[in-house]
Amino acid sequence: MSSTTPAPQTVYQWTADVAVRFLKEWNFLLGIILLFITIILQFGYTSRSMFIYVVKMIILWLMWPLTIVLCIFNCVYALNNVYLGFSIVFTIVSIVMWIMYFVNSIRLFIRTGSWWSFNPETNNLMCIDVKGTVYVRPIIEDYHTLTATNVRGHLYMQGVKLGTGFSLSDLPAYVTVAKVSHLCTYKRAFLDKVDGVSGFAVYVKSKVGNYRLPSNKPSGADTALLRI
């Protein structure tokens, strides 16, 4: 009987020549992908296009699992022990931060009941009750004042369009901004009519507490907030 010797396995090494060849082969596709992501991140705002903003949120959300997969890949195919150590640290940090994101998002969802709570860009959700409907929209910063603008029936809150068919009399007395740890209440301090169908209102932060939004409440009822 003749003994068979197993063929040696090919060991792939990532060298400078391999990297250059990879870029030459995939340069065009990578350029298109990066250009698409750059345009989405640059122009993805709720005040411009809600569709582009949602696409932006999907891209940002996919960054975490993609980062974790790449870190695990680096752990499996580490060049040496130094790279392995850094890869393990980066993997742990990525997983911990992703878990923290889900924990904070679930806490915010419990407070507001809105799927915008899983927005990876911000943990500030503006909530306004107009005609019995609670509109929830993400805002980037913690503002001291909020502005509602009505232009011939088109209602905008901080530049974000909420809908049509509204008047200044439909604006509530209070607006809230939900955060992970607390809820900020804004009281209407100023209302001015530009003409018969247009105008604006300014809301000023008046109270901060650990509340959640009830499922149904009268328009502008500050006392309807539920403590948690």
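Cβ coordinates come from backbone N, Cα and C, glycine included.
Per Swiss-Prot, the topological domain holding Lys24 carries the same name as the one holding Tyr83, which places both on one side of the membrane. Proximity of distant same-chain residues to the topological domain 'Intravirion' (47-56), defined by a Cβ-Cβ separation under 8 Å and at least 6 residues beyond the stretch ends, is recorded for 40-41, 121, 158-161.
Taken together, the residues in the topological domain 'Intravirion' (47-56) have a mean pLDDT of 81 on the 0 to 100 scale.
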